[in-house]
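Per Swiss-Prot, the features are:
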| type | residues | note |
| --- | --- | --- |
| BINDING | Asp9, Asp11, Asp207 | Mg(2+) binding site |
| ACT_SITE | Asp9 | active site, nucleophile |
| ACT_SITE | Asp11 | active site, proton donor/acceptor |
| BINDING | Arg121, Arg132, Arg139, Ser179, Asp181 | alpha-D-mannose 1-phosphate binding site |
Amino acid sequence: MVRQMLIFDMDGTLTDPVQVINNDVKDILRRCKRKNFEIAVVSGSKYEKIKGQLNDGFIDEFDYVFSENGTQVYVKNVLVKSLDITEAIPETKLRKMVEFCLRYIADLDIPTKRGTFIEHRKSLINICPPGRNCSMVDRRRFVEYDSIHHVRQKLIQVLKSQFDSDDCPLSFVAGGQISIDVYPKAWSKSIALSHIGKCDVIHFFGDNTREGGNDFEIYNHPDVIGHTVTGYKDLVNQLEELLAKS
């Protein structure tokens, strides 16, 4: 039997940003499974956040859950593989980067600052100029402001010039709507592909597929058929087309 897999980004793809999964998405994913597609989700978020968005136990219907870009691998709620950023980047470099970002954000003139500007996850550093504690209203204000003033892209360029190096190559990418993710260059979302074994056909669906976005590498991987989506409704439409051809 041909082994086929569908891999999905979370925010902006399976769900609206930081919202729970819609029943229409659940229904079509179940139809995909009945057509013998395996399904997986890969997100920069922590596992607990992914689990909360895939509510009512729906996470159990995924064959793989790849949190933190695929460096934390879960199969049926069991962690089977984990990478730690502190084992890949020297502590002195991590500390200097965090201190630099806090000073940089302190001097930013942006609509709101709400706290939790730096989040140290197991395998990546999440930098959030408005703060991860921001409300949905705050989030929308920053998204609009960032689309005009390019706050994140400017910070990304500064971080690249300050902290990327040949001896410790790092990726600095736009994550979701309001953040920047920092991780070793080899730990993009495409690392998830190394955990699924031999697969005949792999489709990836994501919204942040442009260069500089955190879906770019897996979307452009030679073993992957990449699909750019504009939201969960567009995802449903694209999956309907895929099922019609299956």
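Cβ atoms are placed via backbone N, Cα and C, with glycine included.
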Quick check: in three-state DSSP terms, what is Arg139 (alpha-D-mannose 1-phosphate binding site)?
helix
Sort out the sequence-distant neighbours of Arg139 (alpha-D-mannose 1-phosphate binding site) for me: same chain, 6+ apart, CB within less than 8 Å of its CB, listed by position.
Pro17, Val18, Pro130, Gln177, Ile178
Residue among binding-site residues Asp9, Asp11, Asp207 with Cα closest to the Cα of Arg132 (alpha-D-mannose 1-phosphate binding site):
Asp11
Residues near Arg121 (alpha-D-mannose 1-phosphate binding site) by Cβ (under 8 Å) yet at least 6 apart in sequence within the same chain, in sequence order, are Lys46, Glu68, Ile85
Neighbourhood of Asp9 (Mg(2+) binding site), C-beta criterion under 8 angstroms, separation at least six
Val41, Val42, Ser43, Lys189, Phe204, Phe205, Gly206, Asp207, Asn208, Asp215
Tell me, by DSSP, whether Ser179 (alpha-D-mannose 1-phosphate binding site) is helix, strand or coil?
strand
Binding-site residues listed as Asp11, Arg132, Ser179, Asp181, Asp207, least Cβ neighbours within 10 Å:
Arg132
Whole-number Å value for how far Asp11 (Mg(2+) binding site) lies from Ser179 (alpha-D-mannose 1-phosphate binding site) (Cα to Cα)
12
